[in-house]
């Protein structure tokens, strides 16, 4: 049987050693970020919410080829294509995405859509605050994801489009 005084001294030494480590860590620099007071720093390869890109002329890069939707393993991308006309050109191709939705209830941020896009129209941005109490707000529309028109570029306007049946 061990000496009770040795046991008490051993326990006190272990507690003192643990408290020393604790106080040393308390006085050192913090490892965690001060979010939301300070913006987080992301690596270049961070996969945040999706962004639909425009070219230098302000036209949408998406040509509605559906390759991103086909590559998506969770089927969270929905696209409706429309033809570009002489009066209105929304993209550089024959078609443009009239409707482009991503359902973040299903998206797993795998990046397959970004890899599949031949025109680099869809990319991962650095946005990460997508949490919501309402799941219907997690379906992002094209208008929510498009980058602003570059300065000096004239954006295409849907107001010039001929109404259906008026041909």
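Each residue, glycine too, has its Cβ placed from N, Cα and C.
Sequence annotations record features per position, and here Swiss-Prot assigns [4Fe-4S] cluster 1 binding site to 62, 65, 68, 117. What Swiss-Prot records for 72, 107, 110, 113 is [4Fe-4S] cluster 2 binding site. Summarising the annotation, Swiss-Prot assigns domain '4Fe-4S ferredoxin-type 1' to 52-82 and lists sequence analysis as the type of evidence. Per Swiss-Prot, the feature domain '4Fe-4S ferredoxin-type 2' maps to 98-127. According to Swiss-Prot, the feature region 'Disordered' maps to 148-167.
Other than 62, 65, 68, 117, the residues of this chain whose Cβ falls within 8 Å of the Cβ centroid of the [4Fe-4S] cluster 1 site are, in sequence order, 63, 64, 66, 67, 79, 97, 113, 116, 118, 119, 121, 122.
Neighbour density for residue 117 ([4Fe-4S] cluster 1 binding site): within 10 A of its CB lie 20 other CB atoms from the protein chains shown. For residue 117 ([4Fe-4S] cluster 1 binding site), the spatially nearest entry among the binding-site residues 72, 107, 110 is 72, judged by CA separation. Secondary structure counts, DSSP: the domain '4Fe-4S ferredoxin-type 1' (52-82) has 5 helix, 9 strand, 17 coil. It is 62 that, of the binding-site residues 62, 65, 68, 110, 113, has its Cβ surrounded by the most other Cβ atoms within 10 Å. On the backbone, the CA of residue 110 ([4Fe-4S] cluster 2 binding site) and the CA of residue 68 ([4Fe-4S] cluster 1 binding site) stand 12 Å apart. When the C-alpha distances from residue 62 ([4Fe-4S] cluster 1 binding site) to the binding-site residues 72, 107, 113 are tabulated, the minimum falls on 113. Looking at the domain '4Fe-4S ferredoxin-type 1' (52-82) alone, the prediction's average pLDDT is 96.
Sorting the domain '4Fe-4S ferredoxin-type 2' (98-127) by DSSP state (H, G, I as helix; E, B as strand; all else coil) yields 5 helix, 9 strand, 16 coil. Across the structure, residue 68 ([4Fe-4S] cluster 1 binding site) and residue 107 ([4Fe-4S] cluster 2 binding site) are spaced 12 Å apart at their Cα atoms.
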